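As annotated by TrEMBL, active site, nucleophile applies to T64. According to TrEMBL, the feature substrate binding site maps to R92, V93, G94, D95, T115, G116, H117, G118.
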Amino acid sequence: IRCLTQTDHVMLSGAGANQFAASLGIEEVSTEELVTQHAREEWGQYKYSDAVSNLFNMEAAHDTVGAVAIDAEGNLACATSTGGITNKMVGRVGDTPVIGSGGYADNQVGAVSTTGHGESILKVTLARLIIYHMEQGASPGKAADKALLHMQERVAGCGGAIVISAQGEWTAKFTTKQMAWASMEGGTLCYGLNPGEKYTEGTITK
């Protein structure tokens, strides 16, 4: 957001991004602080295998965290964050930071955040594909289903997406075995994990 509002650019990376963050007073943490014990164990388990295809093309949920939202003025936003994949090549860029793959937002149509096998998501630009289907008149649910099926059939990739339309209609869809999701609408919390699952916690007031 700061890049969009305080520079003439859309995205910064590498040393330039670090310099910009430092100029804003954003605290820097060491790489060691970002490596968990679980990540070390996973690295030890998969360091002799092709992690990109074997570990992250499974029909299993991954560690991506995403959000989509609409405010009272109709502004839409998406956010996506991930821990990345194990044993990736130095310099590998995943789907999460790529506009149109890990996320996409258009005030006239909707907002999307995606998760799953990053290389597959990149190949089909999944987030933008979902928005495209919505532009053609599909509901968020049908648009997500169509795009996820296309990714599965075209590049054998599994994944998921949370989607909200400019009218506030939302959905959570996935082709992985599970995907944890939650929504807040009108003070009511809904959540799920397995296919077809939807629990309602009740009305939450301030």
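Just so you know, glycine gets a Cβ as well, placed from its N, Cα and C.
Here the features listed in TrEMBL are placed on the structure.
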| residue | record | DSSP (3 states) |
| --- | --- | --- |
| T64 | active site, nucleophile | coil |
| R92 | substrate binding site | coil |
| T115 | substrate binding site | strand |
Separation of alpha carbons, the residue listed as 'active site, nucleophile' and T115 (substrate binding site) (Å): 6
Nearest recorded site to T64 (active site, nucleophile) by CA-CA distance, among binding-site residues R92, V93, H117: H117
Lowest local Cβ density among G94, G116, G118, which the record lists as binding-site residues, within 10 Å: G94
Substrate site span - longest C-alpha distance across R92, V93, G94, D95, T115, G116, H117, G118, in Å: 17
Long-range Cβ environment of R92 (substrate binding site), under 8 Å and at least 6 residues apart: I85
Those residues of the chain, 6+ apart, with a Cβ under 8 Å from that of V93 (substrate binding site): none
